[in-house]
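Annotated features in TrEMBL:
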type	residues	note
BINDING	CYS317, CYS319, CYS322, HIS348	Zn(2+) binding site
DOMAIN	18-379	domain 'tRNA-guanine(15) transglycosylase-like'
Amino acid sequence: MSGFSFNLLKITDPSRFRLGQLIFSRNKQEKILDTPNCFVYTMRGSVPHLTPDNLQTIPVDSLGITLEHFLEAQPPASTHFMGGIHKFLNLEDYLLFFDVRDSGKLQHISFNTDKYVSVVTNQGCRKVTVEEYVRYMNAYNPDIFASIADLITDKNPSLKRVKKSVDRTLNWLDETLEQIKEGIHVFGVVTGHDKHEERMRSAQETANRNVAGFVLNGFDLDITSKERLDLMKISLNHLPKNKPRVAYGLGAPEYVLLGIFEGIDIFDTSYPSEQTSLGHALTFLLLENGIKNEQEKFIDLWDNKYRTDFRPILNGCKCYACQNHTRAYIFHLLAAHEMLATVLLMSHNLFHYLQFFKDIRKSINNNTFTNTAMQFIRASNITDE
């Protein structure tokens, strides 16, 4: 079992962005996740495109795990493993954060009821009750997990449906807090879809429970990132300052910065893996004088112009790919459909994304974040797409 605490080191006023530390113990050692930060996205307990050996070359402290990736059968075979999920996945040195559904995408499902939620697996749709979910979490013994929530995948739901979603989610949270064993920490999920009053009610009622933190899942909102963040602000306005806030659906760097302005502490990291799958290499930089106008957020290494480009992906980057390989080589691997292409790209993209958060924390500490982040955001030409 792990200890857990969240310490705020610096908070700006009247702005909301802050520095913090999520402190947890694992293998009798105290570990610290500095915030703002992210939970590294996984598929079936593994970071996409990387092996555990690859992962060790990247400064990763925490991982996000999804239950629906393990639900080919019920109960999942992994719940029978006596050592818990850390040992089962050989991830004993990391903070593991569990959620029911994939933080990188929310697939449309048939329906939820008062008794269960539906999730999508490789073997079709599965039903998960609160009792089953808590039983799985007690067996897995993760450091943190998000309570089960009635997320709406219907477009334009009625007010009645949204109210029912909030009520179900709160009832399930109460059941979860009663049944979870000591030492496993619960983050309450804030719902309310696109209804302002319900988002306020959900945030206030969740904050009244004995939760360790909060999750704002924006993937149930079939809208733009900008609109998603505007709705999240309503929830954030009614959450206490002394507990961490996790947000899904704000992966692009400009929206990470906007989310941090609103007081979000931790983000999901599906963005690097999505860009890797497209053959994109991240190149954006958070500079003291903002982003350069000519700087691109990423380069497309499928582009034929990189065939004879023998520079690293990004000059000055300390990742394995940039220290040992060139753009031309990765272009060659992509063209040949070699798996090593995505291994090298993901090694760079994840390293780079984590460095981005490190630079954000440094700028907050140096009191330069407002100017630096706003210049980056303005240069990103945010649209409603």
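Here the Cβ of each residue, glycine as well, is placed from N, Cα and C on the backbone.
No curator has checked TrEMBL annotations; they are predicted automatically.
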Starting from the Cβ centroid of CYS317, CYS319, CYS322, HIS348, the recorded Zn(2+) site, name every other residue in that chain with its Cβ within 8 Å, sequence order please. PRO312, ILE313, LEU314, LYS318, TYR320, ALA321, GLN323, SER347, PHE351, HIS352
For CYS322 (Zn(2+) binding site), just count the other CB atoms lying within 10 A of its CB, please. 22
Chain-internal residues near CYS317 (Zn(2+) binding site), provided their CB is under 8 angstroms and they sit 6+ positions away: GLN323, HIS348, PHE351, HIS352, GLN355
Counting other C-beta atoms within 10 angstroms, the emptiest spot among the binding-site residues CYS319, HIS348 is CYS319
